[in-house]
Amino acid sequence: MARKMIDFSKLTSEELKEFRDRYDAFIFDMDGCLVHLEAGPIDGVKEALNEIAKHGISIHIMTDNCLSTLKDISTRVNRLFPAIKKENVMSCGHLAVKYLKEINFNKKIYVMGSESGVIVELKDYGFDVIYDDEVSKITIPELRKVTFEKNVGAVLVAADMNFTFLKLFKAANYLADPEVLLMQTHLPNIASVDPVLPAVGAIAASVKAGSGRNDSIATGKGSEYCTKYLKSLGYPVERCLFIGDGVPNDIHAGNLSGMDTMLTLTGVCTLKSVEIAKAKNKETFIPTYYINSVADLIKAFKIE
């Protein structure tokens with residue numbers, strides 16, 4: 001039987017105090033949780049984070065944003081929310097870099113992604129990166145003339161607003177070699193619902209279909225590698241709370257890591273999303289709590 005979610009707004013004064021004392025660390029998603037997607041902060045969040053920090057709770061960010069470098073993301077986070085230290089921010093793009101460093105990868109990487117994000121981050125860490133600029137149109141005769149780089153050892157699928165058939169064509173051909181790694185920065189197919197914004201999972205699905213490969217290594221929330229990272233933060237997982245707006249990524253990631261989880265209703269998912277997950281017996285998609293906004297957390301930290 002699926003566990004019952006706790007409505008944060010219904011907690012009594014005593015329960016709010018217990019909540020406040022239960023955790024050593026809060027791990028937040030960013031877009032849809034602390035800020036509106038690629039926009040400004042959600043009302044009241046800054047004040048809530050300040051109160052949380054005053055009570056000695058460590059605040060971390062785990063974002064699936066790979067359109068910017070970790071340095072740029074952490075600088076923005078700290079500017080908007082001074083309670084969050086730059087060193088406590090992590091992105092799926094940087095986790096991809098960490099993974100490649102750990103396996104001592106030394107070949108070329110074909111990347112579908114942002115030139116201001118994961119591409120420059122890989123370059124900054126010394127990787128040999130190849131990628132394609134936007135092509136407005138291409139014909140089959142032109143495809144036959146396409147040349148392929150030698151010594152490509154990985155194809156990385158990241159957030160790419162200029163995804164094209166040429167990129168799919170190249171990725172599929174590089175991946176014809178079973179020794180070439182297929183990586184994707186994160187798992188979700190959709191980043192937002194109004195308007196619907198396809199995410200990396202959607203691009204990766206086309207690459208998998210076009211190449212016949214399904215053995216991708218993901219580094220974003222819900223992946224084995226991200227779970228390993230979350231468990232390495234240095235806190236007992238039972239004293240950590242993962243807070244986000246996404247059921248298949250944020251809540252899933254927190255639950256996989258053994259943490260309590262909280263769904264905030266300011267982003268992509270709703271309580272209906274949880275009910276659908278329950279109907280499909282997806283236990284790791286069910287949060288411990290739900291809350292209207294992260295701003296409402298202030299109630300637990302203002303109470304005497």
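From the backbone N, Cα and C atoms, a Cβ is placed for every residue, glycine too.
Per TrEMBL, Mg(2+) binding site is recorded for D29, D31, D245. When secondary structure is read from DSSP and collapsed to three states, D31 (Mg(2+) binding site) falls in the strand class.
If you draw a 10 Å sphere around the CB of D29 (Mg(2+) binding site), it holds 28 other CB atoms from the protein chains shown. According to TrEMBL, the active site, nucleophile annotation covers D29.
A sphere of 10 angstroms centred on the C-beta of D31 (Mg(2+) binding site) encloses 20 other C-beta atoms. TrEMBL lists D31 with the feature active site, proton donor.
Residues annotated as substrate binding site in TrEMBL: K221. For K221 (substrate binding site), the same-chain residues that are 6 or more apart in sequence and have a Cβ closer than 8 Å to its Cβ are D29, M62, D64, C92, H186, L187, G244, G246, N249, D250, H252, A253.
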*Show which residues of the chain containing D245 (Mg(2+) binding site), separated from it by at least 6 in sequence, have their CB under 8 Å from its CB.*
D29, D31, G32, C33, L263, T264, L265, T266, G267, V268, C269
*asked:* Suppose the Mg(2+) site is D29, D31, D245. Which further residues of the same chain have a Cβ inside 8 angstroms of that site's Cβ centroid?
replied: M30, G32, C33, L34, L37, T63, G244, G246, D250, T264, G267, V268
